[in-house]
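K.L.:
As annotated by Swiss-Prot, N-myristoyl glycine applies to GLY2, with the evidence given as sequence analysis. Per Swiss-Prot, the feature topological domain 'Extracellular' maps to 2-17, 54-58, 59-421. Annotation source Swiss-Prot lists transmembrane segment at 18-32, 34-53, 422-442, citing sequence analysis. According to Swiss-Prot, the Zn(2+) 1 binding site annotation covers CYS57, HIS456, CYS464, CYS466. Under the heading N-linked glycosylation site, Swiss-Prot lists ASN83, ASN95, ASN164, ASN176, ASN354, ASN362, ASN379, ASN384. Positions annotated as disulfide bond by Swiss-Prot: CYS92-CYS224, CYS134-CYS162, CYS205-CYS211, CYS269-CYS282, CYS353-CYS374. Annotation source Swiss-Prot lists topological domain 'Cytoplasmic' at 443-482. Residues annotated as Zn(2+) 2 binding site in Swiss-Prot: HIS444, HIS446, CYS452, HIS482.
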Amino acid sequence: MGQFISFMQEIPIFLQEALNIALVAVSLICIVKGLVNLYRCGLFQLMVFLVLAGRSCSEETFKIGMHTQFQEVSLSLSALLTNQSHELPMLCLANKTHLYLKSGRSSFKINIDSVTVLTRSADVFVHSPKLGSCFESDEEWVVAWWIEAIGHRWDQDPGLLCRNKTKTEGKLIQINISRADGNVHYGWRLKNGLDHIYRGREEPCFEGKQCLIKIQPEDWPTDCKADHTNTFRFLSRSQKSIAVGRTLKAFFSWSLTDPLGNEAPGGYCLEKWMLVASELKCFGTLQCQVQPKSRLRVCDMLRLFDYNKNAIKTLNEETKTRVNVLSHTINALISDNLLMKNKIRELMSVPYCNYTRFWYVNHTLSGQHSLPRCWMIRNNSYLNSSEFRNEWILESDFLISEMLSKEYSERQGRTPITLVDICFWSTEFFISTLFLHLIGFPTHEHIRGEGCPLPHRLNSMGGCRCGKYLPLKKPTIWHRRH
């Protein structure tokens, strides 16, 4: 878009060149002829026929009245099941026997068997939703929520057993749902809760046998997909609402600045900012000395920055001084070397330069000239111009070549590359549409020997494809024009 705007702004300038006018004329002719060829080839008419044919046979939407229509809308609930902390949980049933639970970055596996792992004497006995001794804070609320969702009541039902999270065996919680003696109603209630949130699971517990639920952290299996229906069942089983509180973290920041607010590593001001709002607090050298003891660390840090700043400044000054001394030494050596070379050439009668007289080639028509070159001396007298005739002839050739190259570059610069691209692609467009015009496309289909049944699309039996008209059993043919 920027290139096109620049091209439009430069139209009055580049139209001053005859070549640019020719390129514009060729581009316009090719575009116009290409559009004419594209229209005459029948491609547009064929596309319009294929799009509109048969539209009168059916409606796009089901209309109930004049201004009422039957429509639908779909919602994507995948955003509710994100992989962040304190989000809605996901449940999975793998192979009808393996139960899984996931919320945020924590995932768990639920096993139901008859093997006793935890005992009341060696492990932790819990009878409240506070499971801090069993799981981490991010996992504690998820497990407590799941236990309540399957029907456990902390104030009425038996307590649970869990392994201390500091043990190396791993985190684990055990629930006894054996339907025997006085535990039968409790076991049936938790079983119904499991059947509700894990639809289609197989029951591994049998009457009269011990049955235990074990919950332990485990990676979420790859074959488990996010299903919001399981989450809805889980939420419907919950007995209370959970409001998760969120706090802002790392919202404010501080930086060292000068009194004007510009960032400076050695500044004595602290700038507190939040997005665009800021607050500036400055500490001078004398103010630092009278600050309370709680702010001595801030003062020491500012003094350290000031010391480092002065050290860097001193190092830069010393470096500049040494570089200048080295440059003067090198220049002196070069000057001595040139003087010695000229003296040797004078002794050997070799032409040399004394840097007092120079020659150059001047182009009188354009006023341009070449770079000055030294006029050589031999035996204390300047050389005759005929003695270095080849040199100034070559210099004149170089000058003319440079002038021609510069003029060519200026002419090229006055022809925008966008105009060249337009001319090239318009020519390609014209050639392509010319072939399409020579080939030709059929524009519609109708019954042979009869009129055009537009906008209906016919089948091989001469009837409308949508079924509005009965098959006439007549041959059809494609025509190019109406």
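The backbone N, Cα and C atoms fix where each Cβ goes, glycine too.
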K.L.:
Which of the three DSSP states, helix, strand or coil, fits CYS92 (disulfide bond)?
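P.N.:
It is in a strand.
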K.L.:
Between the Cα atoms of CYS374 (disulfide bond) and ASN354 (N-linked glycosylation site), what distance do you get, rounded to the nearest Å?
P.N.:
8
K.L.:
State the three-class DSSP label for CYS374 (disulfide bond), counting H, G and I as helix, E and B as strand, and everything else as coil.
P.N.:
strand
K.L.:
Do you know the mean pLDDT across the topological domain 'Extracellular' (54-58)?
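P.N.:
Taking every residue in the topological domain 'Extracellular' (54-58) and averaging pLDDT yields 50.
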K.L.:
Just how many other Cβ atoms lie inside 10 Å of the Cβ on ASN362 (N-linked glycosylation site)?
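P.N.:
By my count, 11.
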K.L.:
In the same chain, which residue numbers or ranges, 6 or more beyond the ends of the transmembrane segment (422-442), come under 8 angstroms Cβ to Cβ?
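P.N.:
Contacts of the transmembrane segment (422-442) (Cβ under 8 Å, skipping residues fewer than 6 from its ends): 23, 26-28, 30-31, 33-35, 37-38, 40-43, 45-46, 478-480.
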K.L.:
Report the same-chain neighbours of CYS92 (disulfide bond): residues 6+ apart in sequence with Cβ closer than 8 Å to its Cβ, ordered by sequence.
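P.N.:
Residues satisfying the criterion: LEU99, TYR100, LEU101, LYS102, TRP220, PRO221, CYS224, LYS225, ASP227, ASN230.
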K.L.:
Let me check the 10 A CB neighbour count of ASN164 (N-linked glycosylation site). How many other CB atoms are there?
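P.N.:
Taking every protein chain into account, the count is 13.
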